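Lifted from Swiss-Prot, the feature list:
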- 17-38: disulfide bond (DISULFID)
- 23-34: disulfide bond (DISULFID)
- 48-61: disulfide bond (DISULFID)
């Protein structure tokens with residue numbers, strides 16, 4: 001897996017990441033998960049910099065992890081949406 005290209009200082013911003021993933025637009029409950037993901041992603045890029053070596057070649061900064069972080073966003077939000085929908089359905093059944 002090749003190291004994903006550095007998204008740039010604007011690209012790693014949590015607000016931009018949230019916009020890209022449409023955080024909380026379909027369901028407010030997903031906003032928290034989305035925000036947490038985007039903040040984690042931002043910290044990852046801040047730590048790992050442009051080439052994945054970071055300071056002292058941190059073990060955190062490897063291509064596999066970076067690739068996973070970039071790909072995880074959409075899947076994470078989709079799973080959360082499903083979970084929220086299930087909870088809402090369940091709550092409606094109880095009420």
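Any Cβ shown, glycine's included, is placed from N, Cα and C.
Distance from the CA of residue 38 (disulfide bond) to the CA of residue 23 (disulfide bond) is 10 Å.
Residue 34 (disulfide bond) sits 9 Å from residue 17 (disulfide bond), taking the CA atoms of both as reference points. Straight-line distance linking the Cα atoms of residue 17 (disulfide bond) and residue 48 (disulfide bond), rounded to a whole number, equals 17 Å. The Cβ of residue 17 (disulfide bond) has 22 other Cβ atoms within 10 Å, all protein chains considered. Reported as a whole number, the C-alpha separation between residue 48 (disulfide bond) and residue 38 (disulfide bond) equals 15 Å.
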